[in-house]
């Protein structure tokens with residue numbers, strides 16, 4: 001066995017390193033936790049279901065090693081501890097945005113642990129100005145004050161330090177329970193955090209996800225997205241994911257008044273698509289809880305507790321590898337614990353759905369000369385696959401694009417097909433170039449089949465809408481349509497999968513793209529709320545508990561035409577590229593901030609930051 005490294009001793013140079021790997025830092029945070037600590041004994045069962053400590057191992061006492069089972073040999077310290085001895089010690093408590101030490105969660109006197117039934121949802125949607133000013137950029141500049149090199153700060157450690165500092169500010173403002181900041185930091189720290197891989201990201205990141213489920217209506221959601229790379233700001237080149245050099249200032253302003261009519265159509269009708277999905281197609285993970293053992297598990301999402309369109313909504317979740325990437329999923333079918341945390345059962349598949357509402361099919365029934373209107377009438381009369389394809393092709397840029405076998409699609413449309421029944425002379429002869437990763441994803445998804453649910457004309461007398469059977473007698477039509485890996489919608493789902501996988505690697509992911517087609521209302525339909533009813537043989541909550549007993553289409557929402565549910569296949573190897581490139585982007589930005597320091601003001605100017613964010617919805 002090699003002798004333990006002594007403080008101050010030089011470490012041998014690494015053998016040949018991958019030129020694409022990030023530069024060495026004193027405190028790497030890319031190692032698996034098992035690599036650093038070795039196996040851990042199974043934690044004891046909590047005395048109450050869903051106790052916060054049941055999700056993550058408890059932190060060891062300060063200054064003591066993270067002990068294992070009795071008789072187990074002491075684990076060696078992380079190499080980062082010995083490497084760091086030549087420089088200033090990394091603070092082992094959260095820092096304020098200005099770089100000063102915050103309250104030590106272990107040693108300083110303070111409030112007791114929070115109420116056992118604390119909930120992240122208690123945070124109001126509106127934040128005071130002084131909290132809106134606490135951006136990640138400002139915090140990062142403050143962290144640079146106390147180090148001799150920018151490489152002393154790792155991306156995951158910096159993000160968690162920021163999140164801890166922010167919850168302390170929320171606590172000081174009376175917006176969360178007293179003692180919650182101390183409690184979350186204890187859960188986060190697995191060992192002296194001079195080594196960033198020695199922290200557990202889920203306590204803090206899960207807290208903020210649960211607190212921001214209102215998304216655009218929540219100012220905390222907007223604040224957390226500042227300095228966070230999302231699917232809308234991540235670019236894709238021939239070599240894979242590309243992080244902008246301006247990632248630290250992304251998502252600084254979200255203005256509703258700048259959004260297009262197509263975006264507003266999506267905002268209004270996403271709840272419609274959610275209602276249809278849970279009413280007819282997808283079982284809820286929060287329904288049917290009757291036994292006493294699980295009685296307290298679904299505090300957030302008990303049946304009837306929320307409006308149907310908010311069931312299984314998600315806030316912003318940051319990746320647990322580097323904290324650089326964030327995603328706000330439309331729908332994640334996953335139970336939650338009493339505090340609101342996502343709490344899937346081990347090795348249980350996680351189905352999630354990205355909803356897209358296609359405004360270009362929202363024709364006006366009062367215009368009988370519109371090609372889409374006449375194609376819709378034919379579809380309602382015949383209900384055949386041929387009539388459905390004719391309706392899809394009734395607009396100038398159809399929402400399903402054909403490309404020939406052996407070729408690749410362009411990036412224009414989110415749904416594509418190679419089936420000759422969809423052959424379109426306008427696209428049959430196209431030749432497109434494609435990167436190797438995208439081509440592999442096209443081949444991976446080419447065998448996927450979508451499910452199409454068709455809806456009939458509203459019954460004005462009974463004020464109901466229901467699915468209708470196809471001409472074949474089946475209620476759900478299977479069509480050889482798959483998600484286009486070259487389209488931004490696919491990339492968005494890929495990023496969401498990366499973030500989820502970083503927290504729940506043992507749960508197989510089941511991503512889907514949901515496409516809602518709806519039309520404007522006819523004169524007699526204006527102002528009417530329609531109740532959703534089952535059609536003949538309609539599925540009720542397939543794959544889980546039955547769908548909600550009551551669901552409606554509100555007067556401002558479109559009349560549904562069809563719902564297309566498309567499974568998505570992703571190659572997990574791409575996740576490694578995202579992780580590696582996010583670290584490189586962080587290191588590059590820190591180097592620039594370090595080089596731009598004012599000589600007379602220390603390592604960084606912490607008060608240099610952008611304006612506070614404004615709430616609003618953007619593509620996630």
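Using the three backbone atoms N, Cα and C, a Cβ is placed for every residue, glycine included.
Swiss-Prot annotations:
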type: COMPBIAS; residues: 1-10; note: compositional bias 'Low complexity'
type: REGION; residues: 1-122; note: region 'Disordered'
type: COMPBIAS; residues: 11-23; note: compositional bias 'Basic and acidic residues'
type: COMPBIAS; residues: 40-49; note: compositional bias 'Pro residues'
type: SITE; residues: 270; note: site 'Required for function'
type: SITE; residues: 330; note: site 'Required for function'
type: SITE; residues: 354; note: site 'Required for function'
type: SITE; residues: 356; note: site 'Required for function'
type: REGION; residues: 595-620; note: region 'Disordered'
type: COMPBIAS; residues: 603-620; note: compositional bias 'Low complexity'
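Features recorded in Swiss-Prot, as mapped to the structure shown.
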residue : record                       : DSSP (3 states)
270     : site 'Required for function' : helix
330     : site 'Required for function' : coil
354     : site 'Required for function' : strand
Candidate with the highest Cβ count within 10 Å, taken from the recorded sites 270, 330, 354: 354
Residue 356 (site 'Required for function'): tally of other CB atoms within 10 A of its CB: 20
Rounded to the nearest Å - Cα separation of residue 330 (site 'Required for function') and residue 354 (site 'Required for function'): 5
